[in-house]
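Working notes for the structure below.
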Amino acid sequence: MKRGREFPSVTSGQLHSMSPIPSPTLSAPSPRVNEGMSQGTPACPSSCASTSASKRGRGRTRGVSLEKSLGSGSGNYRCISGGRVWEGVISVNKWVDVPTEVKEYIMDRVLDHFDLDYTRHEDVRTVVETMMTARRTHRNRMHAYFKKFPSKEAALLKPHPDTTEEQWKELCDLFTSEAFMKRSEQNKKNRSKLTVNHAAGSRSFQRTRACMKNQESGNINPAELYKKNYTNKDGIWTSEGAREIYKQAEMEATLRDHREEQRVEQERIRLEQEERMKREQERMRIEHEERIQLEQERMRKEQERLRAEISKELEKKMSSVMEKKMSDMSKRLFSQFGGSKR
C-alpha cells in the first residue's frame with residue numbers, strides 16, 4: 001500500500017489541550033441517516049430519494065455502535081475512523097494532500113472513544129493507515145456511483161445520498177480531472193492483467209492465515225490458505241484460473257511432501273548404514289583383540305615350552321660333562337695310586 005506522509009507523533013494530552021477544530025457545518029440529516037447522529041447529511045433531491053427507495057440494502061456505516069460500550073476489538077474503531085474521514089477528506093485525491101488540521105481533528109476525535117498513546121509509533125501508524133483505507137474505500141464507493149451516469153452533467157443532477165450537493169460537485173470535479181482519469185486508466189490496465197480474484201473481501205491473507213491457525217492450532221498448508229481465499233462459502237472457485245493454480249500448488253505441495261519423505265527415508269537409511277558400520281567395526285575390533293590375545297597366549301606358552309626344553313637339554317649336557325670329568329678323574333687317580341703299590 002502506497003502511503004503518504006506519516007502523521008506526527010503527539011500525545012493524547014497534547015491533542016486534547018489543543019483548541020478543537022470545528023467540524024464541517026452540515027444541514028439536517030437525510031432519511032437514510034440515523035436521527036441520533038450529531039453530524040448528519042442533508043436530504044437528497046426527490047429523484048435521488050425515489051432511486052434509493054427502489055432498492056433495499058444495508059446502507060452505509062453510521063457509527064451507531066459507538067454509543068454502546070466498546071471492547072478491545074478493532075471493528076468499532078474502523079467505524080469511527082471511517083465516518084470522520086468521509087466528512088473531512090471526501091474530495092482529496094491523495095492522502096498526502098489532506099490538510100494537517102483535518103488529520104489532527106480526526107485523530108483527536110478517535111481519542112474520545114479509544115485509549116491510544118500517540119507517542120507510540122505503532123498507535124500512530126495504525127490510526128493513519130486505517131484513515132487512509134477508510135478514505136480510499138469511501139471514494140471508491142462514490143466513484144462507482146458516479147460511473148453509473150453517462151456524463152458529469154448527468155451525475156451532478158443526482159448527487160449521492162450520503163453527500164451534500166457541494167461535496168458531490170467536488171467529487172465529480174475530482175473524478176473528471178486529468179490526473180484522476182489518467183491514474184484510473186492505468187489501474188484498469190493493471191487490473192486487466194489479473195487472471196484470478198480472491199474471495200476474502202477486505203480481510204487480509206495474513207488475517208485469514210491467523211484465523212486458520214487458531215482453528216487448527218498447527219502449521220497452515222499454503223495451498224489450503226490459497227483455497228480459503230479464492231473460494232466462496234460454498235466452496236466454489238472464483239475462477240477456473242484460480243482452481244488451476246490451486247491444483248498446481250497442490251501438486252507442488254505433494255511433490256514437496258514426496259521429496260521430504262524421500263529425504264527422510266534417505267536420512268534413515270544413511271543413519272542405519274552408519275549404525276551398521278559402527279557395529280561391524282566394533283565387532284571386527286573385538287575379534288582382532290581376541291585374536292591378538294590368543295596369539296600372545298600361544299606365543300607365551302611356546303616360549304615357556306622352549307625354555308623348559310632348553311633347560312632340560314642344558315641339564316643333560318651338564319650331567320654328561322660332569323660324569324665324564326668324574327670318570328676321567330677316577331681313572332687318573334687309579335692309575336697313579338694303583339701303579340705305585342705294585
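Backbone N, Cα and C define each Cβ position, glycine as well.
Within the set 118-142, 218-242, 318-342, the record from TrEMBL flags 318-342 under the feature region 'Disordered'. Beyond the region 'Disordered' (318-342), no same-chain residue lying 6 or more positions past its ends has a Cβ under 8 Å from any Cβ of the stretch. The DSSP breakdown of the region 'Disordered' (318-342), given as helix, strand and coil counts, is 24 helix, 0 strand, 1 coil.
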